[in-house]
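The domain 'MIR' annotation in TrEMBL covers 327-383, 396-452, 457-514. The region 'Disordered' annotation in TrEMBL covers 1-40. Here TrEMBL flags 94-115, 135-156, 163-185, 191-207, 219-252, 272-298, 589-612, 628-647, 659-677, 689-707, 728-746 as transmembrane segment.
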Amino acid sequence: MTLAAGCRQAESGPRCGGLRQRRPRRPAGEQSRPAPPPRAWAPLEAPVGVWAPLASVTLLSFASRFYRLSEPPHVCWDETHFGKMGSYYINRTFFFDVHPPLGKMLIGLAGYLSGYNGTFPFQKPGDRYEHHNYIGMRGFCAFLGSCLVPFAYLIVLELSKSLSAALLAASILIFDTGCITLSQYILLDPILMFFLMGAVLSMVKYNSCADRPFSAPWWFWLSLTGVNLAGAIGVKFVGLFVVLLVGLNTVYDLWELLGDLSLSLVTLGKHLLARVFCLILLPLALYTAQFAVHFAVLNKSGPGDGFFSSAFQSRLIGNNLHNVSVPEHLAYGSVITMKNLRMAGGYLHSHWHLYPEGVGARQQQVTAYLHKDLNNLWVIKKHDSNTDHLDPSCSVEFVRHGDVIRLEHKETSRNLHSHQHEAPMTRKHFQVTGYGINGTGDANDFWRIEVVGRKAGKRIKVLRSQIRLTHLATGCILGSSGKTLPKWGWEQVEVTCTPYVKETPNALWNVEDHINPKLPNISLDVLKPSFPEILLESHMVMIRGNSGLKPKENEVTSKPWHWPINYQGLRFSGVNETDYRVYLLGNPVVWWLNLVTIGLYLLMATCAIVAIKRGVQLTVEFKELSEVLLHSGGKIMLGWLLHYLPFFMMGRVLYFHHYFPAMLFSSMLTGITWDTLLKFCAGCLSCSVGKRVYTYGTLALMLLIVYRHDGRQRTLQLLPLPFTCKIIPRYISLPCYATGFVIGLAY
C-alpha cells in the first residue's frame, strides 16, 4: 500500500500507534471533529494501482515458466507415466492409475489439440522425443503453473487488503526454483495446484460478497468454488484437503449467520441450501461426470485390464471377455477359471511341478497366474461323488451358496487341497496343493463355496458373484497373498489358505470362464456392471493401489519432516556428467523464510489473542492488523496444516513434490505475516520513520527472496529472475537478462 497518504496528518514527534494519544486543545467555538489516527500506510480503498502490479507478476510468472520449455528434449521423471497416460486417452486404450482421471484427460486433450498423435512410447526417463510434439502437453502444464502466481496475489490481496503483502507472496512463488521446475513438465502437480488455488481464491471472493448474499457475484464465486473443488479431487485424492478447508470455512460462515438475529429461519435455510448445492452436489456431479467421460473414452482393452474384475473387463473392446457368450449359473461338471479379486490378482492355477523338498508337503504346486492358460481350468464336482455330470444321462444340478464342493484340476486330475503345513512364503498361513489321483483324494479336498451377500441356496453367477472358498477341515479361507514365489515356483504368485477370516479382496474370487455344454449360453452384455458399480470398483482399486505404493529400487524417497527444510529434492533428469541434468529443489532462502514465518506467525497470533483477551486498548489500525493476522492469516495457516500434517499418517511412499501444495499456503502466509509485522513496527514509530521502516523492510524481503547461493561455482548470486533451474554441467543457465543483473561475488 502507499505510505504517503497515511502520513499527511502526522505533524511532529515520535508516537506509538498502539497507544491512545492525548488530543490537542482546539480554539473555543471550533467544531469538534475526531481526527483519524496517523498511520504509515493507507488502506486499499480502490483498485487503483492494483491491476498494474497484477499484470507485472503475471507476466513474470508466465515468462519464467515458459522460458526454455522444450529443454531437455527427452522424458523427465514422471513424464514417463503421465505422458504415456495422455497417449492412452488419444488412442482410447484403457489403463490403470492410482489417481482420478481429470489430470490425465486434460494432458491427453492438450496433446491432441497441439498435434501430438499418441505414438510416443514414454518407456523410461531419458528417452528422446525426436520428432514427436511434446511441447503442447508441457505448455499446458506450464500455463496452469503460471496461473498460481496471480492466484496467490489475488488471494493475499483479498485477505489482507495490502498490495505489499500480495506482491511479496507473488514474488516468493515467481522466484522459487522448485515451483518453476514443477510447472515445466508433463506432471499432475501444476494441474492439482491450479484447481487448489482456484478453490481458495473463489472461497475468499465469495466470503468478501457476504454483505451481498444471493447477488450475481456471490452465486458466481460460490459456484466456481464448487467447480474448483471437483477439479482438485478429480486430479488427485489429496484434493480432499482443500475440500476440508472450504468445508471448515463454510461451517464457520454458517455458524456466524446463525448468530445474526436479524436473519429469519427461511433466510438461513436458503443460505444452507445454496452451500449444499454449490459446494456438495455440484462438485459431486462434476466429479462423477469426469469418470463417465473417462470410461466412455477408454473403451479399448489395454494394460489396465488385469487390475479390474472380470465383469469390468467384459465391457472393453478387444478383451477376451468382450461379446462372449457363456452359461450364466454354475452347475456341477462345469469347467471354470477363477480370478482373485485383489488388485492385479491372478487366476487359480496349478501345474505338474511339485513343491521342493523342505517346503511343506512335497505335493503339486498351486499358484495364482496372471495370464490366460490351460492350467487355469478346474472342474466343479460334488465332494462325495465322482460322477461325470456332463454325461447326457445325468440331469443338470446347479451349484448353490453353502454347498460343499471339490475342485479338480482339469490338466492333472488332482484336487485343490490344503492342510496344516506352513505356506511357502507366508508362514502363518496353510499350504495349498494339488492332491490325489484322478480325482480321488481325502477329506482335505473339501471346500464350502459361499457367495458374499447372498442367502443359502441361491445360485452362483458367472462374473458377478464374489466367491469365498472355506476349507472344511481347517476352517481356513483360500486366498492369494500377493507374494511372488522363487524360481522353483516359476515366479508366480503364492496361493495360501488363511486361518484369519477377513473380508478382503485377497480371499475373494469370481468365476470368469465357464464351459458347460448342457447349459444355454447368454451374452455377457447382460452381466456387464452398471455405471455406479464400475465407479465404485474403480475407486476401490485406486485406494488399494495408493496404499500399496512402495519405493522402487534405488529410488530417492523422503519423509514429511524433510520437506519444509528443503532437505533433499528429486532428480528429474540426468545420470552422468554429460547429460542435461534437472533437479527439483526449492530456493533455500525462500523455503527457510517460509519455515521461520510459521513460527513467527504463531508467536504474533498468540500475542494478539492474549492482548485482546486481557482487554488491552488498541487503536483502530492495530485492531485492523490483528483482524488480518488472526482471521485472514488463520485461514492460510489452516490450509498449510491441512495440506501437510496428513502426510505424517500415510503409509504409502512419499516424495518431495507432495509438499508443494502446502508450500503455496506457507508462501502466502509469509506475505501476510511479514507485512503485518512491518506495519506493527511502523505504527509504533513516528510517521516518517515508520514509513522508512515499512518501505525498506519490504524491499529487504524482496531482495532476500531472489538471493541464490551456487555451491558448484563458489559464487554468491543475486538473481532478479531465475527463469529456470535446469542444471547443466559446469554452469547454471540464467534467466532473461533484461530484467536485471547478476551480481557475482567470488570467494
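Any Cβ shown, glycine's included, is placed from N, Cα and C.
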Does the transmembrane segment (135-156) reach the transmembrane segment (191-207) with at least 3 CB pairs under 8 A, where each pair is 6 or more residues apart?
yes
Considering pairs 6 or more residues apart, do the transmembrane segment (94-115) and the transmembrane segment (589-612) have at least three CB pairs under 8 Å? no
TODO: May I ask you to check whether the transmembrane segment (191-207) and the transmembrane segment (272-298) make contact, with contact taken as at least three Cβ pairs under 8 Å and only pairs 6 or more apart in sequence counted?
DONE: no
Listed stretches 272-298, 628-647, 659-677, 689-707 vs the transmembrane segment (589-612), most Cβ pairs under 8 Å: range 659-677
Across the domain 'MIR' (327-383), DSSP yields 3 helix, 28 strand, 26 coil
Near the transmembrane segment (272-298) in space but 6 or more residues beyond its ends, with Cβ under 8 Å, are 88-89, 92-95, 100-102, 105, 214, 219, 222-223, 225-227, 229-231, 233-234, 243, 246-247, 250, 253-254, 531, 534-535, 538
Here the mean pLDDT of the domain 'MIR' (396-452) is 92
Long-range CB partners for the transmembrane segment (628-647) (under 8 A, at least six residues beyond its ends), listed in sequence order, are 159-162, 200, 204, 238, 241-242, 244-245, 248-249, 560, 563-564, 598, 601, 604-605, 608-609, 654, 658-659, 661-662, 665-666, 668-669, 672-673, 676
